[in-house]
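For reference, Swiss-Prot has these:
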- 11-17: motif 'Nuclear localization signal' (MOTIF)
- 27-124: domain 'BRCT' (DOMAIN)
- 153-518: region 'Mediates interaction with DNTTIP2' (REGION)
- 260-264: region 'Involved in DNA binding' (REGION)
- Gly335, Phe336, Arg337, Arg338, Gly339, Lys340, His344, Asp345, Val346, Asp347, Gly457, Trp458: 2'-deoxyribonucleoside 5'-triphosphate binding site (BINDING)
- Asp345, Asp347, Asp442: Mg(2+) binding site (BINDING)
Amino acid sequence: MHRIRTIDSDFGKKRQKKMDNHISSMIYEIKFHEFVLFILEKKMGATRRTFLTDLARKKGFRVENELSNSVTHIVAENNSGSDVLAWLKTHKMEKTTQFELLDISWLIECMKVGKPVDTKGKYQLMESRVDSANPDPTAGTLNILPPTTKTISQYACQRRTTINNHNQRFTDAFEILAKNYEFKENDDTCLTFMRAISVLKCLPFEVVSLKDTEGLPWIGDEVKGIMEEIIEDGESLEVQAVLNDERYQSFKLFTSVFGVGLKTADKWYRMGFRTLNKIRSDKTLKLTKMQKAGLCYYEDLIDCVSKAEADAVSLLVQDAVWTFLPDALVTITGGFRRGKEFGHDVDFLITSPGAEKEQEDQLLQKVTNLWKKQGLLLYCDLIESTFEDLKLPSRKIDALDHFQKCFLILKLYHHKEDKRKWEMPTGSNESEAKSWKAIRVDLVVCPYDRYAFALLGWSGSRQFERDLRRYATHEKKMMLDNHALYDKTKKIFLKAKSEEEIFAHLGLEYIQPSERNA
């Protein structure tokens, strides 16, 4: 492998030049010769650029301090394709150069996995190439072509949405407003903001002006007004008013309790409750078994579940299920399947290619009984299956499925290597130390021939699934839910052994779970 000594460059700032000189004195080993990077300082800042440059070089990338003819990839942060294009047009080049323009998320992902990842698709800001009418590499001109602008679909199932959200300042604000309208049971306005959130999350750039939203679906006047306020003032008065609203605060607190929905939250609010301590201390209040468990383990349950904790729960679930059905498929679904690092619970889909119906029906009861004997079961609500083989998919977009399922709270013990996080306070007894955490777990059992449909439905996101069903209905005259896909024109059920086959039936390009974070 070759080694490279970086070249000094004057960026016009003494401090930056000093930092670059420090970097230039280091020697790094180049592992990936087909990549020559230039990191754009625009909107990033000199300090962060220097840090990322040094980090990329340590990982084996060749990074140029100046834009030169040898550069193959330009990496930018918080810039749209038009921003980078404008910057490039003002930059003088000695000869025609061919390169790709990439978002900084590409470089960060490369450094995570320790090697270059595919540059196509979600990481591209724009495409550039030599003008075919002027192929002479010595012609002395740079021909930059704007990106291929594809119309962003109104359907989330036709958009690729990773966990890399470039517009979080807007989506965070809209999530607050959407939640407030949900609390008011104003479903239409809630959906307005949820759709706007979904569109903004799929964008590979940060919206810096309302011009960037031209042509985008579901970005109406109400949404634009709030975005304009955030762009100009850094915040929205409407959002701040919601955050300060007593009803919103109370509903948000009450619905954070496992087992509490909008009706219960409204009842408690009307009864004058504002804190959970008041609810706990009121002996006249009748609570369900689920609500009692939610209050009992509240502190644990509102604490996010990490990917490491989800993996530990996966082992627990697999061991228990395989005790009774050795050939069972146990698949983690929900946000963790979509690549999220944190969640509020852990969902699993279970099926078995060789199990009899009686074995499937008895599985969850056997598994929960085992955990009860092991002292791991803190709460269990088992819902029996009402699934019917020939029943048409539901017409309701948000309909729940009819598979057997159980909603659990499990006791997850922490490993010894994690004991520093859970060590006892000075002077406490060992018996007082809490060595476990209460975790919310959902288990769903489905017949093997419905596994693909159930997996697609339980993987989410909610908006992705809503739009997938809406697309099937309005564009394909089909009905889709967690159980089946039905063609209303041909009057037949369409079978599928995989998610890919379901997408194919719908005439859609397959979208990986990691790109369904709509």
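Each Cβ is built from the backbone N, Cα and C atoms, and glycine gets one as well.
Overlay of Swiss-Prot feature records on the structure.
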{"residue": "Gly335", "record": "2'-deoxyribonucleoside 5'-triphosphate binding site", "contacts (Cβ under 8 Å, 6+ apart)": "Phe342, Gly343, Gly460, Ser461, Asn517"}
{"residue": "Arg337", "record": "2'-deoxyribonucleoside 5'-triphosphate binding site", "contacts (Cβ under 8 Å, 6+ apart)": "Thr331, Ser459, Pro513"}
{"residue": "Gly339", "record": "2'-deoxyribonucleoside 5'-triphosphate binding site", "contacts (Cβ under 8 Å, 6+ apart)": "Thr162, Ile163, Pro513, Ser514, Asn517"}
{"residue": "His344", "record": "2'-deoxyribonucleoside 5'-triphosphate binding site", "contacts (Cβ under 8 Å, 6+ apart)": "Leu301, Cys304, Val305, Arg440"}
{"residue": "Asp345", "record": "Mg(2+) binding site", "contacts (Cβ under 8 Å, 6+ apart)": "Val305, Gly334, Ile439, Arg440, Val441, Asp442"}
{"residue": "Val346", "record": "2'-deoxyribonucleoside 5'-triphosphate binding site", "contacts (Cβ under 8 Å, 6+ apart)": "Val305, Glu309, Ala310, Val313, Ser314, Ile332, Gly334, Phe336, Ile439, Arg440, Val441, Asp442"}
{"residue": "Asp347", "record": "Mg(2+) binding site", "contacts (Cβ under 8 Å, 6+ apart)": "Ile332, Thr333, Gly334, Phe336, Val441, Asp442, Val444, Trp458"}
{"residue": "Gly457", "record": "2'-deoxyribonucleoside 5'-triphosphate binding site", "contacts (Cβ under 8 Å, 6+ apart)": "Asp401, Glu465, Asp481, Asn482"}
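Residue counts of the region 'Involved in DNA binding' (260-264) by helix, strand and coil are 3 helix, 0 strand, 2 coil (DSSP-based). Listed by sequence, the residues of this chain that lie at least six past the ends of the region 'Involved in DNA binding' (260-264) yet keep a Cβ under 8 A from its Cβ atoms are 182-183, 185, 251, 254, 291, 294. Here the domain 'BRCT' (27-124) is broken down by DSSP into helix, strand and coil counts: 35 helix, 19 strand, 44 coil. Spanning the residues Gly335, Phe336, Arg337, Arg338, Gly339, Lys340, His344, Asp345, Val346, Asp347, Gly457, Trp458 that the record associates with binding 2'-deoxyribonucleoside 5'-triphosphate, the maximal Cα-Cα distance equals 18 Å.
Taking the mean position of the Cβ atoms of Asp345, Asp347, Asp442 as the Mg(2+) site, the remaining same-chain residues with a Cβ inside 8 Å of that point are Thr333, Gly334, Val346, Phe348, Phe407, Arg440, Val441, Leu443. In the predicted model, the domain 'BRCT' (27-124) shows an average pLDDT of 82. Asp442 (Mg(2+) binding site) carries a strand DSSP state (E or B).
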